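Record features, source Swiss-Prot:
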ACT_SITE  Asp232  active site
BINDING   Gly99, Glu122, Ile123, Asn209, Thr210, Cys229, Thr330, Glu331, Glu332  S-adenosyl-L-methionine binding site
COMPBIAS  151-186  compositional bias 'Low complexity'
REGION    1-29  region 'Disordered'
REGION    151-194  region 'Disordered'
Amino acid sequence: MTPPPPKRQKRDEYRKATAEATSQSGASDVAEIKLPKKKYYRQRAHANPFSDHHLKYPLSPAHMDWSSHYPAFVDPDPSHINLAGARRLLKDVEVVDIGCGFGGLLIGLAPLLPESLIVGMEIRVSVLEYVTTRIQALRAQQQKLRAATATATAASETPSQQQAQIDGKQANANAAADAASPAPSTDTEHMPTTLVPGSYENISAIRSNTMKFFPNFFARHQLSKIFICFPDPHFKARKHKARIISETLNAEYAYALRPGGLLYTITDVEEYHHWILRHFGVELGAEEESEEKSTSPNANANAGVRELFERVSEEELEKDECVRVMKEATEEGKKVARNKGNKYVAVFRRKTDPEWPA
């Protein structure tokens, strides 16, 4: 009797089968397209950002090839290429989710910002593979739904039914989608049963170490929004240098973020929330207060970074739909809600660069 295959072999076989099913599904088998299951993409919760991972990164933002990530937005003119010889896009990437995890925020933002290109940055290999497979499955499902809707619309177009077809177009599309799509389960949550704005063509994910290569991907003032959701708190003092919020990294975020752009943060650790506020100049700790009284170069440098951001008021946050998605759509946000924990939100607006003195 042949023993059952080991867990790793099961995971590899499942991933291969899922990828093939997504790429080879025909126009008539919408129900066969399913989202990947997380249990086959397990990985450790953390990755050391200071290790020398085998990462591919562009020489500069002008060398980055985005064409494979957003095929629906590739410039139709083949002569429009970047410095690396890759096809250009019709628009630039302008929304970034740093540490995108399993892609909950990307999926939630896709229909909310259908005209904006959104990218998730993740350092863990298996997690990135899950997000990529998930996005491909959602895109394939949307393509099948569009084809089914177009077929149903063409069949119903007669002179006597034209007005009724116009009035009931959306209802027919929803009914066709519901009939073709399976009911969501625990492993296939958020499976869309109707067409969504953008059809998930505006989201993608890349493997990258943000702490090392963030400026290699994004040019000055390119981004309109940056999301940092439930980052690793690194509780030990000797590990604070690995936190994704710091004076140095905040300066890089300010470089890529355009004036008026927003940097969103959310955490369930109150101490880390105050760390964020201190590093954006909203709060002052004991060390910062002593530095302010001194004339050390370090104090001046910290003040310079803090002058680039201002905190967004609570009144504005209540009207911002992205804040709601950040709280409710992310996997960590759902886990905190299940455990009835607290969520600490802070959003900062990029100020206009000060003018050079005359």
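Glycine too: its Cβ is placed from the backbone N, Cα and C atoms.
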Can you tell me the CA-to-CA distance separating Glu332 (S-adenosyl-L-methionine binding site) and Asp232 (active site), as a whole number of Å? 11
If you count the other CB atoms within 10 A of the CB of Asp232 (active site), including all protein chains displayed, you should get 17
Counting other CB atoms within 10 A of each CB, which of the binding-site residues Thr210, Thr330 comes out lowest? Thr210
In sequence order, which residues at least six apart in the same chain have a CB under 8 Å from the CB of Gly99 (S-adenosyl-L-methionine binding site)? Met121, Glu122, Ile123, Thr210, Ile228, Cys229, Pro231, Asp232, Ile244
Give the helix, strand or coil assignment DSSP yields for Gly99 (S-adenosyl-L-methionine binding site). coil
10 Å Cβ neighbour count around Glu332 (S-adenosyl-L-methionine binding site)? 19
Would you measure the largest Cα separation among Gly99, Glu122, Ile123, Asn209, Thr210, Cys229, Thr330, Glu331, Glu332 for the S-adenosyl-L-methionine site and round it to whole Å? 21
